[in-house]
Amino acid sequence: MITDPLKTVHVVGGGLAGSEAAWQIAQAGVRVVLHEMRPARMTEAHRTEGLAELVCSNSFRSDDAANNAVGLLHAEMRKLGSLVMRAADANQVPAGGALAVDRDGFSAAVTKALAEHPLIELQRGELDGLPPSDWGHVVIATGPLTSAPLASAIQALTGEDSLAFFDAIAPIVHRDSIDMSVAWFQSRYDKVGPGGNGADYINCPMTREQYEGFVAALISGDKVDFKDWETNTPYFDGCLPIEVMAERGAETLRFGPMKPVGLTNPKDPTVKPYAIVQLRQDNKLGTLYNLVGFQTKLKHGEQSRIFRSIPGLENAEFARLGGLHRNTFLNSPKLLDQQLRLRAEPRLRFAGQMTGCEGYVESASIGLIAGLYAAAEARDIALAPPPSTTALGALLGHITGGHIETIDAGPRSFQPMNVNFGLFPPLESPPTHGADGKKLRGPDKTVAKKQALSARALADLDGWIAENLPGAAAAA
């Protein structure tokens, strides 16, 4: 039995993030109590009492560290001794270039490793309110299906608008894939908001024929069904899926997110667009733009097809496609500090999907970082954040401050995000020529840029590990 509350970290939630956090803390020599409410209280989605149970897909997505941001995240986590990645590698099933796992074997491996660790105590039972005040170091990683009593307690502590119970996600496009020979920068009525200059949006014009074809495609496109535990997820008028708006009438979108008023196309100022799609800057780096009002339940293939019919987005590269799911997540940029601590009560640290990351690997990676921070704090050691040039640092930066909220974005403009190269700081000297000396163009230029970002990330992570976590460097 673990009895020292001062040097003990309590981790609440035995999913991917909580399991990874507990492992990292214990591996750093700090005692852990891992609290998991299953099987005493099950969720609508879980079917076992196993830790790190995968409730949806069994895929961890691409394992290509050189060309894919999530593959890079895999590599970084392996360098840091991730339990989740170790269990995934040991239970891999064939999936081409992706890392997919035997879900039961994966969960069993994580559960066994945590149960057998001498510094980890597993307690089964629901936490029905905020952690007791004598728990000095806490990581809350209860995920998208956080129990109602705990969610209510967190909301009471942080404020009414601090916690969301569903996500309404609009697609996000890489800025450099937008055709600016068609699109232009302008805010509606040239309005200047905080930090803006009156030209803060990218605008894509449509003719009547293009608009009517677009609306028809939205209505006829294949939609994703709600999962069983999402069937009562409410639609709010401020976050209606765009295809639902289209179904309400042919002109609904023209009087909603696609209204053409207050905007003039400088490329053809005498012609009034019939409708306009606006994209708003999504990150401080200015590398990502979201389609305003385009939250959707369309299937991903349909989104790519339909949204690339928008003038200026014919070759759009999507950093994230849209969706609407049941979820529980914080308005993290406002509520959490750079070490994932709750500003209102710093003994509480959050991790995983609750912080506003999306995806198995992303959740586990934030659990990893939260675990490292919690262990360092329990040992009275200062830990520098991972470099923003790494996948871990880029994702952490987005959660804790990289997102921007414009004056008209609404109180819930922060939405969950997968890791993607758009979150990374730009290269100081992007590659311009290939190994053969020829000038890089088109897809070759994009591939070279991604590979350069990955190489920089891994080199910078090695330096950070050597300086801050010498034990991990020795193990690697």
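Just so you know, the numbers here start at 1 and follow the chain as drawn.
Placed from the backbone N, Cα and C atoms, the Cβ positions cover glycine too.
Feature annotation from Swiss-Prot assigns FAD binding site to G13, G14, G15, L16, A17, G18; the stated evidence is sequence analysis. The region 'Disordered' annotation in Swiss-Prot covers 425-446. Annotation source Swiss-Prot lists compositional bias 'Basic and acidic residues' at 435-446.
All features noted in Swiss-Prot, drawn onto the structure.
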residue : record           : contacts (Cβ under 8 Å, 6+ apart)
G13     : FAD binding site : H35, E36, I140, A141, T142, G143, T146, G352
G14     : FAD binding site : A22, L34, H35, E36, R38, L51, A52, L114, L122
G15     : FAD binding site : L51, A52, E53, A141, T142, G143, G352, S363
L16     : FAD binding site : A52, V84, G352, Y360, S363, A364, G367
A17     : FAD binding site : A141, G143, A351, G352, Q353, M354, S363, A364, I366, G367, A370
G18     : FAD binding site : V11, V12, L34, E36, L51, V139, A141, T142, A351, G352, G367
Counted with DSSP (H/G/I as helix, E/B as strand, rest coil), the region 'Disordered' (425-446) has 5 helix, 2 strand, 15 coil
Residues sitting within 8 A of the centre of the G13, G14, G15, L16, A17, G18 CB atoms (FAD site), not counting those, run V11, S19, E20, A21, E36, L51, A52, A141, T142, G143, A351, G352, S363, G367
What DSSP gives for G18 (FAD binding site), in three states, is helix
